[in-house]
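Colleague: Below is a structure I'd like to ask you about.
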Amino acid sequence: MAHVWRMIAQRLALGFLTLFVVSLLIFGATELLPGDFAEAILGQSATPETIAAIRRDLGLDQPFHTRYVSWLGGVLQGDFGNSLANGQPVIELITKRLGNTLFLALYAAAMAVPLSLALGILAALFRNSIFDRMSNALALTSISFPEFFVAYILILWFAQSGMFPSIVRLSEGISFGETLYRCFLPALTLTLVVTAHMMRMTRAAIINLLASPYIEMARLKGMSPIRVILRHALPNALAPIINVVALNLAYLITGVVVVEVVFVYPGLGQLMVDSVSRRDIPVVQAVALIFASAYVLLNLTADVLSTLSNPRLMHRR
Amino acid sequence: MTNSINRSAGLSRRSVLRGATALGAAALILPAGMRAASAEPKKGGILRIGMGHGSTSDSLDPGSWDNAYSQVFATSRHNYLTEIDADGALQPEIAESWEASADAATWTFKIRQGVTFHSGKALDAEDVIASINYHRGEDSKSAAKPIVDGITDIKSEGSHTVVVTLDAGNADFPFIMSDYHIAMLPAKDGAIDPTTTDGCGPYVVDHFEAGVEAKMTRNPNYWKSDRAHFDGIELLPIVDGAARQNALISGQVDVIDRVDLNTVHLLKRAPNINVLSVTGSQHYVFPMDSRAAPFSDNNVRMAMKHAIDREELVEKILNGYGSVGNDHPISTANRFHAGDAIEQRTYDADKAKWYLKQAGMDSIDLELSVSDAAFGGAVDAGVLMSEKSAAAGINLKVTREPSDGYWSNVWMKKPFVASYWGGRPTEDWMFSTAYKSGVNWNESFWENARFDELLAAARSELDNDKRREMYVEMQGLVRDEGSTVIPMFASYVMAHTNAVATPEKVAPNWTMDGFRIAERWWFA
């Protein structure tokens, strides 16, 4: 077990290094974009004097490294600064939206993961049957369409008739059940988008194992096919499945801006896009760090779980 | 990262199809004036508005209200010195009355008594002065700075009189005070707090989360008794066009703006939905840099102006929701629009060729830099223009520029670009913003001595007949010598459910009834 803890510690340390590099890259990349905050916010109404006044006021006239170091200094003390656009503390802007994003990601995952595992296992069990082909075809179809198209189709079927709301409004004080109801369409869209990947990976990983001698042996002993798959094949197929699930969870957290826009869902993706177009660097940085952390942590979790699920890795010599 | 599009056959076929549907749609639109007369306003109900703008970076700072969401939100909670009514005439608001000195350089505003802010503070001259001063001065970060630059001094005379001194006469100064940036905010120690939602307008802000929603309830102490009919307002940014339309159809909002012109015919089919189209001062322009060849030669500019098919642009780019422009920026909604005094310019390839010949050329290669950041459909408009101008010997290469950073890197940098103007309520304001020699936003860098002279003279002239004469001459100058192609005026297209009632005439100066939907509309 000790080496697992060592791995976690090592990976976390590396994770922090990654975050540092990411922050530097994002800062530099924002710098390379044409125009800065002052020009972006004033747009067509910019005059040289007002641009200069904004830059002076926000310290944007300082050189790149000065601004980066002062930003980094703040972050190390837990201060992510204020948004350039509306002066609110970045933490305040992000907290609520991060909660919304995580909620939607978990909601979608809670539907997508069991669904894709079940479909994947059944598809492996009834390989090449009509069921297998149908579920593959359906999953591939939904992943092949762009997200916004899937979303519009769902709106057409479920929202225009009034069954579910087409825009998500999360007011204060609504019940959990009501929240689930209001968020159903975006969660369903995301479910449709991520299911195929996980389901096909489950199916492939299990089928891969079905040709192994020990499965042959289990079959020869007269075990039922479902027991062969659940007891003997699945535990050994877990590692790749866990990895693809983690990857999709990370996607659900970081990559859902299109779904957010279509359903007017107040999540991080929209905040990121707005902030990039306004060159609101403190917000961009903070959101980028959250996205990077999501990848680092989920990958780490996946690796730890794969290790735990594999006795050969657990008892290394 | 630049894509070039050269007259593509595919697009032209699609445009033709689109044009055909546009004609059908256009036939169904009733002008705003012909809509069923509305009954007496009724109190009550919460109006939910879905706006095509609004982002998480919106702020409460009056200097930064740059999109329709911020502007409607501001107008719902604030009042202004003056108000422009649906007919384009100036009405008193916080200023009860005003008078000018003989040279129109000193203006005295009488401030309305008994107006209180939502916080309970009574409004007086000090608040007015602080609210205006916020946009002035060396350290001003306000987008409205250029329009108040002419003010040299503001002082109060007693608690309810404000005297403004300008560096030169300006007969339209009270109009400028209706600008959406210059809201009246409470002053503290002679300065306003740009982060407050406190105002003296029709609605009190209960909750605001940028990019998500704003919730307001009626100001119980609002001084206008015949306005602000709703109990409350919910203002939602719904940036995606299809999402906005769906929200209206499925009953999640009552009104939307910026109806997607490509699907407006579908929206019209939905039951209980009214599409409202208002032709106003918003116009789309193609400025040419007059400082350098080839556009330094007016013959080239005239050739370009004759080589575009305005009717086609209105039909295909605006789907019929707009009107043709006559290469000057004054709209029919303005007081001194030239009307029939200036002939409407039409597509004439032979004339364009003739002008090109005058410039000593048989054909010319030009590059037009466009992006949909300038206006929706700008790229398609460029392609249509290049197809038509080819017949006149003008080979227009349309370059699609990235939307991001368009205003800082392309506009006023490249020689021939696309741009737009929301329009200004007065001729002077529009001309002195974008056509006077040497001003910041003179996007074509056009200079004309006669024009500048007329502009200065008309500005301090208080006799309306003389002003009309001058403004008509100026419209002619911009049309025939100016360096900007102005092919079309775009309507504001909104939609609302049958439950919502509007005044008989909806203001054309801005979208959403001059941003004043919250206090002018009601539930039927």
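The backbone N, Cα and C atoms fix where each Cβ goes, and this holds for glycine too.
Heads up, TrEMBL stuff is auto-annotated, nobody curated it.
Below, the features straight out of TrEMBL:
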- A:98-302: domain 'ABC transmembrane type-1' (DOMAIN)
- A:12-30: transmembrane segment (TRANSMEM)
- A:102-126: transmembrane segment (TRANSMEM)
- A:138-159: transmembrane segment (TRANSMEM)
- A:179-199: transmembrane segment (TRANSMEM)
- A:237-263: transmembrane segment (TRANSMEM)
- A:283-308: transmembrane segment (TRANSMEM)
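So where do these features actually land, and what's packed around them?
Modeller: Outside the transmembrane segment (A:179-199), and at least 6 residues removed from its termini, the chain residues within Cβ reach (under 8 Å) are 103-105, 107-108, 111-113, 115-117, 119-120, 123, 135, 139-140, 142-143, 147, 150-151, 154-155, 158-159, 164-166, 168-170, 241, 244-245, 247-248, 251-252, 256, 259-260, 262-263, 265.
Same-chain neighbours of the transmembrane segment (A:237-263): 101-102, 104-105, 108-109, 112-113, 117, 120, 146-148, 151-152, 155, 166-168, 185-186, 189-190, 194, 197-198, 201-202, 205-206, 208-209, 269-270, 272-273, 291, 294-295, 298-299, 301-302, 305-306, 309-310, counting only residues six or more beyond its ends whose CB sits under 8 Å from a CB of the stretch.
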Colleague: Based on Cβ pairs under 8 Å, which of the stretches A:12-30, A:102-126, A:138-159 lies most in contact with the transmembrane segment (A:283-308)?
Modeller: A:12-30
Colleague: Using a Cβ cut-off of under 8 Å, list the residues of the same chain at least 6 residues beyond the transmembrane segment (A:138-159) that approach it.
Modeller: 116, 119, 165-166, 185-186, 188-190, 192-197, 199-200, 256, 258-259, 261-263
Colleague: Could you pull out which residues elsewhere in the chain have a CB under 8 Å from any CB of the transmembrane segment (A:12-30), counting only those six or more residues past its ends?
Modeller: 64, 67-68, 71-72, 75, 276, 279, 281, 284-285, 288-289, 292-293, 296-297, 300
